Amino acid sequence: GSFAYLRVELGDFIAYIAAGNILLEYVIGGAAVARSWTSYFATLCNHDSDDFVIIVHSMPDDYSKLDPIAVVVVCVICVLAVLSTKGSSRFNYIASIIHVIVILFIIIAGFTKADTKNYSNFAPFGVRGIFKSSAVLFFAYVGFDAVSTMAEETKNPARDIPIGLVGSMAITTAAYCLLSVVLCLMQPYPKIDKDAPFSVAFEAVGMSWAKYVVAAGALKGMTTVLLVGAVGQARYLTHIARTHMLPPWLAQIHPKTGTPINATIVMLIATAIIAFFTDLKILADLLSISTLFIFLLVALALIVRRYYVSGETSTTDRIILITCLILILGSSIATATYWGVSENNDWVAYVITMPIWFLATAGIAVFIPQARKPKVWGVPLVPWLPSLSIAINIFLLGSIDGASFKRFGIWTCVLLLYYFFFGLHASYDTAKELGENRIGDGWKRVEEGQSVSTVTASGVSLDEAK
């Protein structure tokens, strides 16, 4: 996953910061889905979407709606994830088929109740509203990275993982677009329910019976999402713990079930606690910051991977690469900052920052030869595509509210304190003991598409790496 990729290309420190945000991302994502599960369960029981939460008026508004049902759901998911990976996969397979049928039903039935007048005010909050929504929408792309964590349990990861990632992302993106179009055509935007939108929308158009189908399908879908997330996040935590950046007992695998029980339980306890207290909007904004930040780092690592190889890249090329990357990051941050703090639509600053981004990217493409070519498959249009990804991710970060960045900053400070007092020393000692160079070479061969067995045969066993 992203942690292993960033560790190979940008080093332990960047990988650790990314790992902390990946774990935060999964915990928050699971908590948000668990709270949504409660809302749809309420509509299935013919109640309002927020009837099953407990409101405590003495607590702050963002943390006053307690959700005990979400905690119960997370606990059940924890048991399923601990028992068996294969069993979880079979459950996901059956649930996914049902969920696809429900999605098709929503799209087809929804279009029969479409009213194009609802699109008369297409962008009620203007351009800024569109980009702010786009930033929060990255909430939807959290689970895709979990596919890469299943490489050890895939027969041909170099082929199957990319196909799974790109294929599932394309299909899901199309489904999201169709579902959002249908929802806005069924019901005027101001009347859309934020907790259980489709169930309420079908009731509003006179198809009360359909809300039960939608609610049941949504519950199955969200249960699948929670289970996939539980499996993926536990494997992420296990892999990080193998480096000793986190306590190694988190990497222990149960001999009977073959699952990382400690990691699964720890992650889902954290998910349950956050799901019990925290409002959905806070979760969505904070999760989007973590997701965009990780995407930014991976795009940066991709450019470094293609244009820099230690001991082979000349000093001149290295200086040019570093300078161009600083200009790409600096111009992107300046664009996002100006967008975030300015209240008008003045374009003067963009005339300065965007050409700098373009010239810096062109400088990498023209003046630096690629030091490494992909051996199995690779991202096209490098450096333009990853550079554009950096710019877009940073720009969308500028559309998120300041309170979310404060929470993100607090979490980052906690990560840094743990790393410098514990993780740094433990990972360094482990690397010296096992011979980090051998392990690093092995993981680089894995990154280039060789199978696990090939790497093991070359002298770097997984047991040593663990």
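Glycine too: its Cβ is placed from the backbone N, Cα and C atoms.
Automatic prediction, not curation, is the source of TrEMBL annotations.
With a threshold of 8 Å between CB atoms, the same-chain residues lying at least 6 positions outside the transmembrane segment (66-84) that come near it are 30-31, 34-35, 37-38, 41, 52-56, 91, 223, 226-227, 230-231, 234, 254, 257-259, 261, 264-265, 268, 271-272, 275-277. Per TrEMBL, the feature transmembrane segment maps to 66-84 (among others).
Sequence annotations record features per position, and here TrEMBL assigns transmembrane segment to 91-111 (among others).
The transmembrane segment annotation in TrEMBL covers 131-151 (among others).
Taken from TrEMBL, the feature transmembrane segment covers 163-189 (among others).
Taken from TrEMBL, the feature transmembrane segment covers 209-237 (among others). Remote same-chain partners of the transmembrane segment (209-237), defined as residues 6 or more beyond its termini with a Cβ less than 8 Å from a stretch Cβ, comprise 1, 3, 19, 22-23, 26-27, 29-30, 33-34, 36-37, 40-41, 43-44, 73-74, 77-78, 80-81, 85, 88, 91-92, 95-96, 98-99, 101-103, 105-106, 109, 142-143, 145-147, 149-150, 196, 198-200, 202-203, 246, 250, 259-260, 263-264, 266-268.
Note on the transmembrane segment (258-277): residues 23, 26-28, 30-32, 34-35, 63, 66-68, 70-71, 74-75, 77-78, 81-85, 230, 233-235, 237-238, 241, 249-252, 283 of its chain, located 6 or more positions outside it, place their CB under 8 angstroms from a CB of the stretch. Look at TrEMBL and you will find 258-277 (among others) tagged as transmembrane segment.
Through the fold, the transmembrane segment (289-308) approaches residues 2, 5-6, 9-10, 14, 18, 21-22, 24-25, 28, 135, 138-139, 141-142, 145, 317-318, 321, 325, 329, 364, 368-373, 379, 382-383, 386-387, 389-390, 393-394, 396-397, 400, 404-405, 408 of its own chain, all at least 6 residues removed from its boundaries and within a Cβ separation under 8 Å. Sequence annotations record features per position, and here TrEMBL assigns transmembrane segment to 289-308 (among others).
What TrEMBL lists as transmembrane segment is 320-341 (among others).
The feature transmembrane segment is assigned by TrEMBL to 347-369 (among others).
Positions annotated as transmembrane segment by TrEMBL: 376-396 (among others).
Per TrEMBL, the feature domain 'Cationic amino acid transporter C-terminal' maps to 377-427.
As annotated by TrEMBL, transmembrane segment applies to 408-428 (among others). Within the chain, the transmembrane segment (408-428) has long-range Cβ neighbours (under 8 A, six or more residues past its boundaries) at 12-13, 16-17, 20-21, 24, 243-246, 286, 289-290.
For the transmembrane segment (91-111), the most Cβ-contacting stretch among 163-189, 320-341, 347-369, 376-396 is 163-189 (pairs under 8 Å).
Through the fold, the transmembrane segment (163-189) approaches residues 103, 106-107, 110-111, 113-116, 118-119, 121, 124, 140-141, 144, 147-148, 197-198, 200-202, 204-205 of its own chain, all at least 6 residues removed from its boundaries and within a Cβ separation under 8 Å. Same-chain residues lying 6 or more positions outside the transmembrane segment (320-341) and placing a CB less than 8 Å from one of its CB atoms are 131, 300, 303-304, 307-308, 313, 349-350, 353-354, 356-357, 359-361, 363-364, 367-368, 387, 390-391, 394-399. Using DSSP to sort the residues of the domain 'Cationic amino acid transporter C-terminal' (377-427) gives these counts of helix, strand and coil: 40 helix, 0 strand, 11 coil.
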